[in-house]
Amino acid sequence: MHQFPDAKAVVRALSPDEPVILTRPHAAARAARFFVDKFPGKAMYAVKANPSPQLVQILWDNGVTHYDVASIGEVRMVRGQLHGATLCFMHPVKTPRAIREAYFDHGVKTYSLDTIEELAKIVEATTDEAGNAATDLSLLVRLRVSSEHSELSLASKFGVDLTEAAPLLQATRQHCDALGICFHVGSQAMTPFAYAQALERVRAAIAEAAVTVDIIDVGGGFPSVYPGLEPPALEDYFALIHRHFESLPISYSAELWAEPGRALCAEYSSIVVRVEKRRDNELYINDGAYGALFDAAHVAWRFPVVALEDDLIKPQAEFAFYGPTCDDADYMKGPFMLPEDIQAGDYIEIGMLGAYGAAMKTDFNGFGATVSAVVTDEPMASLYRGDRVDPRESDNVVSLR
Ligand SMILES: *Cc1c(COP(=O)(O)O)cnc(C)c1O
């Protein structure tokens, strides 16, 4: 893959007609090392946030040994690439065939569940042809917790209610080597308190069920930095999680796990787009809702933007974007701050698209083609900048280059 110093160099060299995905391997490596060094437990990467093989390799090379996979496709992909990785199948609804292949062909021993039916399915699918049940399973019961502190809810779809957790924990205990409890506070959790609250619910579940718990998995939700979404330092999340974990009534050797997706990969990618048409303060660009800007369209996420032309001199103004497809829903309201004199033919870099951005691109309407390039400059914002003086202060800064 071509390497360039930054987005402007990419535009100068290629004058691209298609969107260009820029990747920053150094930023993903830095995020991986941060979690490996500082999270007070095991951090596994939630592959769905960005399944790029290059990214997965960078995370592995920088110490991430565990991967949260949610489909047999993700199991095969990660296993095919990383023979030594530990895979954890953390989707609470799986097919029997997927479980069987994961267990017998790919060595996956860890599964999550939120119903008694799923427990029976896992037990059945991991029993061998001679009728011997598996004795090496780690089973994690997913507890429903509140998403009130997060930008994207994951509260309504999965997770057993606290009131029904005790019998499920007791039944699961009968079929596993290690019993865990997991949850997901929702994506982009804006305060560490979200985890403290969820861990209090875990405490209540353990007390009610009176079972020995070996694993506490606090899930994903660790934030990145976006305009208007500037979270506290990740160290604060880790410290509060650790404190609550330590006070739980669990076995002395219990393990603490997390499943960061967004936080490990948001800084990895940005995208270069071109303005094809301007109508007042609406810019028609060549990527959109069916491309890397899914969240910008569907949940009005504001990604940082910067104009890549040197001859734009007017002050910043608010813009909305239209994507390239013929669908009215291909609209990103922003507001995105760009120079007032931006016009058709100008290029824009849209930052912080490594998580749920580059991974979401489709070919709808024939607009899926994308070029990629590696760049060596810094992402538009970072939670991990090595040069910061006081991490607690500079963590919150969105740099505007
Ligand atoms: C999506 C997901 C994650 C990752 O969430 P982030 O908010 O990206 O950190 C982790 N675990 C599970 C079970 C998920 O569904």
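In case you wondered, yes, glycine gets a Cβ from its N, Cα and C as well.
TrEMBL annotations:
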- CYS326: active site, proton donor (ACT_SITE)
- 35-266: domain 'Orn/DAP/Arg decarboxylase 2 N-terminal' (DOMAIN)
- 270-350: domain 'Orn/DAP/Arg decarboxylase 2 C-terminal' (DOMAIN)
- LYS48: N6-(pyridoxal phosphate)lysine (MOD_RES)
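For the recorded site, CYS326 (active site, proton donor), the DSSP three-state label reads coil.
Within the same chain, residues at least 6 positions away in sequence whose Cβ sits under 8 Å from that of LYS48 (N6-(pyridoxal phosphate)lysine) are ALA70, GLU74, GLY261, ALA359. Taken together, the residues of the domain 'Orn/DAP/Arg decarboxylase 2 N-terminal' (35-266) have an average pLDDT of 96. Sorting the domain 'Orn/DAP/Arg decarboxylase 2 C-terminal' (270-350) by DSSP state (H, G, I as helix; E, B as strand; all else coil) yields 5 helix, 37 strand, 39 coil.
On its own chain, CYS326 (active site, proton donor) has ASN365 as residues at least 6 apart in sequence with a Cβ closer than 8 Å to its own Cβ.
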